[in-house]
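K.L.:
One structure is given below, represented as structure tokens, and several questions about it will come after.
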């Protein structure tokens, strides 16, 4: 582990009751002055003039200059006068967090690349016109228009207020604000949030500044702002948007797309990976000195269960062979890939679930390039379309192709077919298999049958094919002309399905007959209703004489119904083929569960397993929890919670290895609960609900390694011990190193298990750790409440005081590595909370 400079922080909070006549919010975002321009300081108190504010305390802070650390302030006001209650508070809390202006150094948002609209001067003025005399606002909301002669869905944002049209300042302007404008105008969603008078300077009044939205608002005025006509801007900073329904001439990129945005992101999100739970925000590339060869960064974005996630790349220009992203519709264990973008303009993704994962890969001998991604949360009920990849019309976009040797030309635009309710989609058939539910996928287009290229072909696409053909669920998605090469046209390439579509025609693709493939890459599927096993792969070794297992399978996937058995990756122990996906679904009798053991696992071992992997699902693959995704050489053991277990094996188009050998046994359900429920204790602290996790095995106590250790595992420990829920999951021997054996490593829990024995892990005593990596937990019932006046060095806890302070562990010395702490602050019902972070390093 490399050495990094560690920064520290200290926080203070207090609860207060303020007069109900006004809602005072101090502007801590600072001055956004550009070089050579000095801005006057402005009031941030909505609806109160500068003269009226005399005597109300010190003047709002100027925008910070240089690299000073920001002070994070959560204004805490009586709940009764809060107009923007948070939607993410625990039900037991009445706390309302009011948004304040951005405090990032420099305070200016990132600016999107300049777009030239060719022929725009010849367009008629399509800006909506409202007669001030005849206008009567509906519901009291100000009308909105997009000006600048670029159509009704792209342009400078203008609002009609008190009889005049005016503009909006671009301070804090970003995708959540732009998305509300697009939604309000019926123009889809925001593709770009543009600033610095991108579509030309407006005239007249500047109506709003520091607009800050959460994303669920229906009108821009519902967002927090400085107040009508209160700003520190001029028309060179007018805000603009481009919506997804914009229709205008050729779009070209003329300015370096990311140079203007570099440094505008929160530094916490420029590291290589992490978990993100707040929005909106930006993710940028790690510092260049940290972008080593063969680096993989994994970011997981988590929204609430009522929201989904939108992600936008203003521009990508990566080496599509050795540097690209993969976007997963869910957590890192998700099998639903939304795409592998590497090059293009305004590439936008939408998740179907409440989480999304970005996997960034950079190979050898590659000069890493800058990138920036914007994300925000949106209520699920606002989504009316299946998630798909979309690009601005006539823009160029390129996805990673699965055959670099045939990638001589860009794959073209990726665009979805229009969705209709008629069900009039192209006809499909499966050819070359043993039944109508397995074979090479062929599609009827303009009266001719043709094939589909296997680039980006995966389980989502196979699932849609099986659904359209009424053949059950997808068992395998196969490439490389598994069922033999077809003939004639190759109609489709780079198909991208979410897995929820009813017809393959609803999935986006590169365009009819647009491909870079040959028939040796024809895609195939095996569906669950296939009445015969798939064509056999070259046989693997028979079980050893000591191994009594039967009912095994060396083919690529299938349904196994027996009390014991074995199966291997195709061609085992020789190298498995590239570009293949196999799904084994194991069924045992209803009163049994399944023990799965993989004693030998040799795949392409890359952090995060983005290429080759084996993933275990606790039940049928559809709608079952993932028990883990693995690619590192190790012995793993899993126990199902029901009579079904699913194993998914995937390989990509490049490196292969010898694969794996797996066997399973049926275990009676009645006996497993007591046999597999381990005895736990927490050591190294003063209470029973916080400490180093220790487990009893074969009469001796041992510790647990912190690899993959997080709140999910800690939650199960706290539940089993009756200690409430998990507040923190510290690693690095936070409670001191243990002694004796390290019993478990790579533990993976979903967080819903009743006891620790239901989580997957490496085998007993199989680890690569030392006691300096012992895992710990802090549960909500632990006695770690800080003093109301003195700082606490505990890692998390529940605080129930009217004022107090707390700090990062070991403050003011460096905090420990591999630690996650959660403090939950409770005050009286009629109070909200003000949180101040004067020192953050």
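Each Cβ is built from the backbone N, Cα and C atoms, and glycine gets one as well.
According to Swiss-Prot, the signal peptide annotation covers 1-23, on the basis of sequence analysis. What Swiss-Prot records for 32-69, 85-116, 528-552 is region 'Disordered'. Per Swiss-Prot, domain 'SRCR 1' is recorded for 144-244, and the stated evidence type is sequence analysis. Summarising the annotation, Swiss-Prot assigns disulfide bond to 169-233, 182-243, 213-223, 272-297, 320-342, 453-517, 497-507, 556-582, 609-631, 705-769, 718-779, 749-759 (among others). Annotated domain 'CUB 1' per Swiss-Prot: 272-378, in sequence order. The N-linked glycosylation site feature in Swiss-Prot is assigned to 294. The domain 'SRCR 2' annotation in Swiss-Prot covers 428-528. Feature annotation from Swiss-Prot assigns compositional bias 'Pro residues' to 532-546.
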K.L.:
Let's see if you can do this one: DSSP helix, strand and coil counts over the domain 'CUB 1' (272-378), in that order.
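P.N.:
Reading the DSSP string over the domain 'CUB 1' (272-378) gives 3 helix, 60 strand, 44 coil.
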K.L.:
Taking Cα atoms as reference points, which of the disulfide-bonded residues 223, 609, 779 is nearest to residue 453 (disulfide bond)?
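P.N.:
That would be 609, nearest by Cα distance.
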K.L.:
Taking just the CA atoms, what is the gap between residue 582 (disulfide bond) and residue 631 (disulfide bond) in Å?
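P.N.:
Residue 631 (disulfide bond) has its Cα 15 Å from the Cα of residue 582 (disulfide bond).
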K.L.:
How would DSSP class residue 718 (disulfide bond) in three states?
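P.N.:
It is helical.
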K.L.:
Count, for each of the disulfide-bonded residues 182, 213, 223, 779, the other C-beta atoms lying within 10 angstroms of its own C-beta, and report the residue with the smallest count.
P.N.:
223
K.L.:
Taking the Cα atoms as reference points, how far is residue 631 (disulfide bond) from residue 169 (disulfide bond) in Å?
P.N.:
50
K.L.:
Please name which of the disulfide-bonded residues listed here, 223, 497, 749, is nearest in space to residue 779 (disulfide bond), Cα against Cα.
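P.N.:
Closest by Cα distance to residue 779 (disulfide bond) among the disulfide-bonded residues 223, 497, 749: 749.
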K.L.:
Taking every protein chain in this structure into account, which of the disulfide-bonded residues 272, 320, 342, 497, 718 has the most other Cβ atoms within 10 Å of its Cβ?
P.N.:
497
K.L.:
Measuring Cα to Cα, how far is residue 169 (disulfide bond) from residue 759 (disulfide bond) in Å?
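P.N.:
The Cα atom of residue 169 (disulfide bond) is 52 Å away from the Cα atom of residue 759 (disulfide bond).
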K.L.:
Could you give the mean pLDDT over the domain 'SRCR 1' (144-244), rounded to a whole number?
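P.N.:
Overall, the domain 'SRCR 1' (144-244) comes to a mean pLDDT of 87.
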K.L.:
Of 233, 342, 749, which is closest to residue 297 (disulfide bond) if I measure between C-alpha atoms? They're all disulfide-bonded residues.
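P.N.:
Out of the listed candidates, the nearest Cα belongs to 342.
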K.L.:
Between the Cα atoms of residue 507 (disulfide bond) and residue 517 (disulfide bond), find the distance and write it as a whole number of Å.
P.N.:
19
K.L.:
May I ask you to report the DSSP-based helix, strand or coil state of residue 182 (disulfide bond)?
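P.N.:
DSSP call for residue 182 (disulfide bond): helix.
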K.L.:
Could you check which of the disulfide-bonded residues (223, 705, 718, 749, 769) sits closest to residue 497 (disulfide bond), going Cα to Cα?
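P.N.:
Closest by Cα distance to residue 497 (disulfide bond) among the disulfide-bonded residues 223, 705, 718, 749, 769: 749.
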K.L.:
Reported as an integer number of Å, what is the Cα distance between residue 769 (disulfide bond) and residue 233 (disulfide bond)?
P.N.:
56
K.L.:
In Å, rounded, how far does the Cα of residue 609 (disulfide bond) sit from the Cα of residue 272 (disulfide bond)?
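P.N.:
A Cα-Cα distance of 15 Å.
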K.L.:
Using CB atoms and a 10 A radius, I'd like the single residue among the disulfide-bonded residues 233, 297, 453, 759, 769 with the highest neighbour count.
P.N.:
453
